[in-house]
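A.B. asks: Copied straight from TrEMBL:
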type     : residues  : note
TRANSMEM : A:6-26    : transmembrane segment
TRANSMEM : A:38-57   : transmembrane segment
TRANSMEM : A:63-81   : transmembrane segment
TRANSMEM : A:88-111  : transmembrane segment
TRANSMEM : A:117-141 : transmembrane segment
TRANSMEM : A:162-180 : transmembrane segment
TRANSMEM : A:211-233 : transmembrane segment
TRANSMEM : A:245-278 : transmembrane segment
TRANSMEM : A:290-307 : transmembrane segment
Amino acid sequence: MTSRTLPLFATIAIFLIAYLVCYLQFPAMLSTRVIGNLLTDNAYLGIVAVGMTVVILSGGIDLSVGSVIAFSGVFIAVMLRDTGLHPLVVFALLLAVTTAFGAFMGGLIHVLAMPPFIVTLAGMFLARGAGYMLSVESVPIQHPFYEVLKDAYYLMPGKGRLTLLGVAMLLSVAGGMILAHRTRFGTRVFAMGGGAQTAQLMGVPVGLTTVQIYAFSGFMAGLSGVAFSIYTASGYPLAMVGTELNAIAAVVIGGTILTGGAGYVFGTLIGVLTMGLIQTYIVFDGSLSSWWTKIVIGALLLMFILLQKGLLRLGTARAAA
Amino acid sequence: QTVGFSQIGSESGWRAAETTLTRQQAEERGIDLKFSDAQQRQENQISAMRSFIAQGVDAILLAPVVATGWDSVLEEAQEAEIPVVLLDRQVDSSEDLYLTAVGSDLVHEGEVAGQWLVDNVGDEECRVVELQGTTGSSPAIKRKQGFENAIEGSDNIEIVRSQTGDFTRTGGKEVMESFLQAEDGGGNICALFAHNDDMAIGAIQAMKEAGVNPGEDVKVVSIDGVPDIFRAMADGDANATVELTPNMAGPAFDALNAYWEDGTTPPKFIQTESRLYTQEDDPEAEYEARKDLGY
Amino acid sequence: MPRVIQRVLPQLLTLAALMALVSVFFPDFLEITYSDGRLVGPVIDILKRGAPVALLAIGMTLVIATRGIDLSVGATMAICGACSAWAISAGYGLAGALGFAMLAGLAAGLWNGALVAVFGIQPIVATLILMTAGRGVAQLITEGRILTFNHEGLAFFGSGDILGVPMPTLIWVLLGVLVALLVRRTALGLLIEAIGINRRASTLAGINSRVLLIAVYMASGFCAAWAGIVATADIRGADANNSGLWLELDAILAVVIGGNSLLGGRFSIAASLLGAMIIQTIDTGILLAGFPSEFNLVIKAALVLVILVLQSPNLAPRFARIARRRRGTPAAGKLTTREAGE
Amino acid sequence: MLLTIRSLTKTFPGTRALDSVDFDLRAGEVHALLGENGAGKSTLIKCLTGAYQRDEGELTLDGAPISPQSTLEAQELGIGTVYQEVNLLPNLTVAENLTFGRQPTRFGMVDGRAMRRQAEEMLSGYGVDVDVRRDLGTYSVAIQQIVAIARAVTLSGKVLILDEPTASLDSREVAMLFDVVRSLREQGLGIIFISHFLDQVFEISDRVTVLRNGCRVATDDIAGLERLRLIEHMLGHELEDETREGRHAHVPSDPSERTLHFEGVGRRGLIEPFDLSVGRGEVIGLAGLLGSGRTESAEVLFGIKPTQTGTARDENGEIALRNPREAVAAGFGFAPEDRKTDGIVADLSVRENIALALQARRGWARPISRAEQNRLADHYIDRLDIRTSDAEKAVGDLSGGNQQKVVLARWLAMNPRFFILDEPTRGIDVGAHAEILRLIEEVTADGMSILVISSELDELVAVADRVIVVRDRRHVAQLTGAEVETDTIVRAIAAPDADSDEEAA
Ligand SMILES: Nc1ncnc2c1ncn2[C@@H]1O[C@H](COP(=O)(O)OP(=O)(O)OP(=O)(O)O)[C@@H](O)[C@H]1O
Ligand SMILES: Nc1ncnc2c1ncn2[C@@H]1O[C@H](COP(=O)(O)OP(=O)(O)OP(=O)(O)O)[C@@H](O)[C@H]1O
Ligand SMILES: [Mg+2]
Ligand SMILES: [Mg+2]
C-alpha cells in the first residue's frame, strides 16, 4: 500500500464498516434487494460522478451537471413526444448536444482564463434555463423501447434486481478507470491537476485538454441524463437541483483531492455507494423529521470525512516511522 | 401496521403541517410511521419507496413531487403487494398501480379563486397581477390554468403581469415590488392572484410599504388557507383564500384500514374540499383553529 | 484617477451599461421620486433588494481572498434569521434578537473555520456540510413553519428607512465600509492576501494563518447573520426553508464579477459590492421588463456570460491596450495566460 | 550553425527583459549563458521554447525559421529543456514524468511495464537509486532535478537547454551530469548551459555569451578567457575581493560564550536528537550530502516540524518552539531552501514581501505605515541590489535570484538574533554571492548568530566558524577552528560509520 492508494483503502474500509453497522441494526440491509437498489438508485449519480472525478482530478469543477441531466431528460421526452425518432437516435443527438455544451464551457474556461467554478455556474443557469424553454411541465415518456429498457434486469436470488442502469453505472466506472488511469489522456488530466503552468511547460496541450475534459463531463452528464430518463420515464426541468454538489461530495468521499492531481475513479464509486448507504439508512430508520434528516446527513458526511482524515494521518505516521 | 411515508420535503409551512398531521393521524390509529424526507427530489422519493419495499412495510403513502415517472416503482410495489396511497398531488401512471389518491384538484382550486374574482369585480375593468409558484411545478401550472379558465368569459378581467415568486414570502414581496413599480405605483392594479398564501402575505407587505391598501385598492386572492392569511383577512388585508387541507393522511389511513380489514377498494380519487374563505367567514376563529397545526 | 476608482472601473462600466440596457426595456428605470418621506424607484429597489447578496458578498470576498469558499452562507442566513425571530417572540427584545443572530453567525463561522483551518478539510467540502445541515438546524428552530413576529423594531431593519434611504441599503453600505476600513486601515488585508496566495510561506513568515482563517470564516458568518436579519425583518418572519436558498451562488458570482480571483490573493470589497448590485440589477431588470418567468434563467445566464467575457483576464488587457493606443501611449508587452514565471 | 537567434526582444510591463539579443549555437558545443540575476537568461530560454511569446526577433533551427508557440512544439522540434525551477509534476510517478507525452501504449492504453522499463533506462546513466513507480514528490529536489534532466536529455534531438541545473546538486551528481553532457556533445547536440558557478562553466563549456540588463555584451571562446574578465563582463565593473580568507581564522569560538542552547532536539523519522549551542555573532555551517537531514535539522529548530524531544533555552530560560510563530517571537529567522513554495508570496509586491514578517510580528492591529514600508523596501533593494523595476512589482515576476534576495531582505528587516539560512546563495550570481557573504559578516559583527546550510563547501569554509556534519539524519561530527577546511569536511562527510567517537557535541 503506497501513500497514493491510502485514501482509496481508507474509503473502502470505512464503507465496509458502515455497511456492517447498518446490517447489525437492520438485517434486511444485506438483502440483494437493497444491494440491487443501491446500484440502481444511484446509477445516475455514479455515472455523472465519473465525469466529475475526471474534472476534479484536473483541478477543475463542473457545477452544470445537475442542470444538464435535467435538460437531458426534458430534451429526450420532448423529442420522443414531438418527433418520430427512435430513442437511440435521440440519445445520440442528446449526447452530441451535451458533449458540445461541455466542450464549449471548456473552451470558455481556457480562452477566458476564467475559473471553472464560475463558467460552469453560468452553464448551470443556462442548461436549466434551456430545459425550461423546452418545456415547463414534466413530460412523460411513453415509448415501447423504454419498456424494454426498464424491464431489462437480472433477478438475483432474494428478489433483488440487477438492472440495466446498475450495470451501466458499473461499466461507466470501469470505463472511467481506464480513461483516467490507463491512457495518455488520463496522465494529462493528472498533470493539469498537479499544476497547470508546469503541465504546460511539460508539453500538455492545455487548451485542448481542458476542452476534452469538460466535453467528457458533458458527455457523462448526458449519459446520466439518459439513465435518469429511464429511471423516471419522464423529463422534468426542475429535476436534479443540487445534484452537482452530491456528485462533488461523492468524489471527495471517494478520496479524490478537490485541488486536483490525486485520486481514483474507483473511489468515486465507493463514494457514491456511501452516499446511497446514508440515504438508505435514514429511510430504514424512518424516524427522523425533515430537519433532522438534513442534520444527520451533514453529520454523517462530516464523520466520513474526518474518519478518512484520521485513517490517512495514521497511515502516513506509520509509513514515516 | 407499518406504513412508509415519502414526503416531498419541507419547503413550506403547509407541507410541515401536512407532515405533522400525518404523524398525528398515524399515532391516533396506532400505526408505525416510517417517514422519509426527499428534499424536493424525485430520485430520493423513488429510492425511499424501494427501501420501504425492501423493508417490507404494509403500505406506502406517497406525496409525489412531480406527476411523471412513477410507473416502475409503483409496479415494484404492486409485485410486492404493498398498497400505495398518493397524497395531495396526482401521478400520471395507470390507476391500477395505486390504491387511491387523496387530494384536491389543483385546477379546481384555481377556478374557485378565479370565480371569486369574477363574482366580485362585476363589470369593472380589472387588471390582475399574478404571482406564480415555482416555475414548472404542477401547482403553479394547474392553478394558473384553473384561474385562467374561470376568468375566460369575462373580458373585463385581464392578467397583465405574471412572474414567479417561487412560493416564498420573500419572492412574493420582491416580485410585487417590481409589479408596483411597473404598474404606476399600484394605481393600475385591481387585483392580485397568488398561487399560494405565503406569496400573498409577502405581496401584502410590499403593498403596505408602497402606500397601497391591500384588500381595498388591490383585491387579494390566494390558495392554501394557512393561518397567517386568515389573520391578514381579519385585518382586512386579504380578501379570499381557497383552502387546501393538510389533513390528507386521515382519509388515506381510513381507506387503508378498510382495505386491510376486508379488502374494500376505495374510489381511485378521494377529493378533499377546496373551500373558499372570505372576510365574512370569521377569519379570526379560523386562525385560532389552525395556528397550532404545525404550519 | 484614484486607485480605488481605477480598480472598480470595469464594474462601474458594466453596471452603467446594464442600467442603460434595462432602461431600453423599462424607460422609467432611472426615475427616483421622493414620496411619504421615502425615496422610491427601481434603482432604490435594487439598492434595497440587493442587500442580502451584498452582505454575503462582503464576507465571501474575504473568504475567497484566503483561497477558500463558503457555501454555507445561505444556510447560515436561515439559521440567524430563525434565531432572531425566535428571540423576538421569546421576549428577548430587539437587542436580544440581533445579539442571538450575530452569535449564531459567528458560531457558524467558527465551525467552518475550525474544519478548514484546524482539521484541514477543503473549504468547499467543509462548508458543504453546514450548507446541508444548517438548513436543518434552522428548521429545527422554526419547526419548519414560518416564524412570524410583530415587532416594529426588528421589522425596521427590513422595511424601515432613515432620511428616505431604506435600512437594508444602509446596513450593507455601512458594513461594507466598516469591513473595508478594518482590513485596509490595519494590516489584516495584507495578511489575508498573503495566506491566500501562499499559506505555507506566510506561516513560515510568522503569520498565524490558522487564527486568521478562522476569523475570516467568522466574518463571513457575521455578514450572513446580518443578511439573515434583513431577510427576516423584510417579511416579518423567519422562513427557514427558503431564506437564503442558493444565495451563496449569487454571492460567489458577485465576488467574481467584482474581479476578485477565486484563487485567492488581492481583493476589493467595493468591487464585490458593485458585483452584487450588478446581479441585482439583472434580477430586477428581468422582473421589470416583464418577460415570462421561464426565460429568467436563460437571460441571467446570458448576461453573466457576457459580463464574464468582457472582464476576462485574457481579454481585459486587450481592451485596455486598444484604449491606450487610442490615447497614444505605447502598449505594454503581450501577456499570454498569466505567463509561467519562475 | 545549429540554432540562431537574431534581435530577440521581450518586454514585460515596466521591464525590457531582452533587448535585441543575438545568439548562436553550434552543433557539438556547450554554450554557457551567463549574467547577473535578472539579466534575462531565463527569459531568453522561455522565448526560445515558446513558453513566452517574443515581441520581436527571428529564430532558425538547422537553417529553417522556427517559431514555437508552445513548449510542446519546441519539444517536437527536438529542443529539450530543464527550466530553472524544477518543472515536473510531483503528483505523478517518476516513470510518468519521464515518459510524459510519449508513454508506450498498447491498444490505446498505457503499457505500464514498458513505461517503467523505459524510465529506468532513461535514468540509468545518472547513478541514482530511484523507484520509478513512486510519486516524484516523495523525492528530494535534487532527485527531481536529475529526473528533469533525464527527461530533457531524452527529448532533445538537437538542442538541450539547462537553466541552472546544478543549483541543488552536490559535486558527485554534478560530475555525473557533466559526463552525460559530454557524451551528448560528442553526439553532436548543441547544449545551452546556464549557471552561476563559474568553475563549472570553465569545466564544461566551449563558449560563453554574457547578458547584462537584457543586452548581449559579449560572446567568446572559453579557452583563453580570464575569469576576472568574465566577471567584469557580467557586472559591468570589477568585483572587489572575490576570494577571501576563511573567517574562522579570525574569530575563535569560545563555548562558554554560547547563549542559545538546544538539547536533544529531534523528531522521529526526520532527524535524530542532537545538541547545539550557538554563540553571539557565531556562524555555524551544516554540511552533508543531499537528503542527509540538513533541512530537517533547520525545520525542527524553527518549529516547522515541531520537536518531539528535547528543549531549547537561552539566558532567560526555556523557549517554546512549537510553530514558526513562536520561533519568530523567540527572535529566530529562516530563509528556506525552496523559495518558490516556502519563501515568496508571489502575487504580493516586493515591498509587501519584505514587510511581511515584520508585520506578522507586530500583529494585525498595528500596521506598518506605508512610508515605513517604502523606506524598508528601498533600503533593502539598494543594500541587496535587488533588480526590480520598482518596489511595487509582484515578487513572482522577479528573476529567481532576485526572489531569493527578497526573502533574505524579509528576515534581515526583522533583525533576528538567530538566522537560519538554507542554501542562501542558490541561484545567486557572483556579484550578489559576494555581497551576501559580506552581509553575513556584517550582521554577525552586530551580534546576529547564523546557521548556514550549503552544498558549496567553499562557501561554508568562507563564512563558518564551526561546521557540523550531518549524515543519515544524524549529526555525526563537529569541526572547529583550523579543521574547517574543504578537505576535512569532505572526509568527515564520507567517513565510514566510525561516528561513535566523533558524535557531535
Ligand atoms: N513574468 C514576468 N513578468 C514581468 N517581469 C518579468 C517576468 N519574468 C521575468 N521578468 C523580468 O525580466 C527580467 C529578466 O528575468 P530572468 O528571469 O530572465 O532573469 P535571469 O537572468 O534568469 O536571472 P536569474 O539568474 O536570477 O535566474 C527581470 O528583471 C525580471 O524581473
Ligand atoms: N540520492 C538520493 N537517493 C534517494 N533518495 C534521496 C537521495 N537524496 C535525497 N533523498 C531523499 O530526499 C529526502 C529529503 O531530503 P532533504 O532534501 O530534506 O535533505 P537535506 O539534507 O536537506 O538535503 P538538501 O538540502 O541538500 O537537499 C530524504 O528523505 C531522502 O530519502
Ligand atoms: Mg533565471
Ligand atoms: Mg535541504
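Using the three backbone atoms N, Cα and C, a Cβ is placed for every residue, glycine included.
Automatic, uncurated: that is what TrEMBL annotation is.
Where in this structure would I find these features, and how exposed are they?
C.D. replies: Cβ atoms under 8 Å from those of the transmembrane segment (A:6-26) belong to residues 253-255, 262-264, 266-267, 270-271, 273-274, 277, 280-281, 284, 304, 307-308, 311-312, 315-316 of the same chain, restricted to positions at least 6 beyond its ends.
If one looks beyond the transmembrane segment (A:63-81) by at least 6 residues along the same chain, the residues whose Cβ comes under 8 Å of a Cβ in the stretch are 44, 48, 51-52, 87, 90-91, 93-94, 97-98, 101-102, 105, 117, 120-121, 123-128, 130-131, 134-135, 139-141, 143, 217-218, 220-222, 224-226, 228-229, 232, 234-245, 247.
Outside the transmembrane segment (A:88-111), and at least 6 residues removed from its termini, the chain residues within Cβ reach (under 8 Å) are 60, 62, 64, 68, 71-72, 75-76, 79-80, 119-120, 123, 127, 145, 206-207, 210-219, 221-223, 225-226.
Tertiary neighbourhood of the transmembrane segment (A:211-233): same-chain residues 40, 43-45, 47-48, 50-52, 54-55, 58, 60, 62, 64-65, 68-73, 75-77, 91, 94-95, 97-103, 105-107, 109-110, 116, 120, 140-142, 146, 149-150, 164-165, 168-169, 172, 176, 179, 185, 189, 192, 239-240, selected by CB-CB distance under 8 Å and a gap of 6+ residues from either end.
Proximity of distant same-chain residues to the transmembrane segment (A:290-307), defined by a Cβ-Cβ separation under 8 Å and at least 6 residues beyond the stretch ends, is recorded for 10, 14, 18, 249, 252-253, 274, 278, 282.
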A.B. asks: Are there residues at least 6 beyond the ends of the transmembrane segment (A:117-141) whose Cβ is under 8 Å from a Cβ of it, and what are they?
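C.D. replies: Answer is 61-64, 66-68, 70-71, 73-78, 80-81, 101, 105, 108-109, 214, 229, 233-238, 244.
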A.B. asks: Residues sitting near the transmembrane segment (A:245-278): Cβ under 8 Å, six or more positions beyond its termini, same chain?
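C.D. replies: Distal contacts: 4-5, 7-8, 10-12, 14-15, 18-19, 22, 38, 41-42, 45-46, 48-50, 52-54, 56-61, 65-66, 169-170, 173, 176-177, 179-181, 190, 192-195, 297, 300-301, 304-305, 308.
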